[in-house]
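As annotated by Swiss-Prot, substrate binding site applies to Asp11, Lys34, 61-70, Thr117, Arg179, Gln188, 208-209. Residues or ranges marked as active site, proton donor by Swiss-Prot: Lys63.
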Amino acid sequence: MRENRPVIALDFPTLEDVKAFLAKFPADEKLYVKIGMELYYAAGPEIVRYVKELGHSVFLDLKLHDIPNTVKSAMRVLSNLGVDMTNVHAAGGVEMMKAAREGLGDGPILIAVTQLTSTSEEQMRDFQNIQTTLQESVVHYAQKTAEAGLDGVVCSAHEVAKIKEATNQDFVCLTPGIRPAGAAVGDQKRVMTPADAHQIGSDYIVVGRPITQAEDPVAAYHDIKAQWNDQ
């Protein structure tokens, strides 16, 4: 189920910024993009419709976490938008995740967030009061996600092998925190290069600033895509 296109995180504040960025790419180049909270809350459903009308694939990254019925209803709305992928927080529980699957239907990919890539083991223990290792926590959440009937998880590339071993090889692992060699790590605590993620078995990678803030975003995208596909 591996996706050969890096997923571009559209971390922009407005629809106009997105339009300007996407206009840099040839019209026949179909991208896979991530729309997160900032952009969705600023532009609303229109941003999803606009990107889909251009023929691009959309990962709507809202990380839903609420009571099962509320999440189910919200997912039904997102399904009508035509998103290709969306997510919930695994910490919401198995029943919530099952409700999300029911609301979204069987078409779009539904994944769960395990531990954010900005979370360190020290933070997890001190703030969340989880006294296992970070990797054990992530694998536990992944197993519960599979039990709920979801397609996969958001996880660091460091946990991919253990997750697939604990679930199955078709279980989707989407990896944020990807940076080309030599790039600044920003606010991500656990990062890897596109080539590393390829070797370790990630199915999707998410790349933001190294593409969106590059002097030549199209060239940066193609370079990262080549690294991701081990070319």
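Numbering starts at 1 and runs along the chain as displayed.
The backbone N, Cα and C atoms fix where each Cβ goes, glycine too.
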Practice problem: For Gly208 (substrate binding site), list the number of other Cβ atoms lying within 10 Å of its Cβ atom. | Solution: 21
Exercise. Mind giving me a neighbour count for His65 (substrate binding site)? Other Cβ atoms within 10 Å of its Cβ, every protein chain shown.
Key: 17
Practice problem: Could you list the residues of the same chain, at least six apart in sequence, whose Cβ is under 8 A from the Cβ of the residue listed as 'active site, proton donor'? | Solution: Met37, Asn87, Val88, His89, Val113
Quiz item: 10 Å Cβ neighbour count around Asp11 (substrate binding site)?
Solution: 16
Quiz item: If H, G and I count as helix, E and B as strand, and all else as coil, what does DSSP give for Lys63 (active site, proton donor)?
Solution: strand
Quiz item: How many other Cβ atoms are found within 10 Å of the Cβ atom of Leu62 (substrate binding site), counting all protein chains shown?
Solution: 17
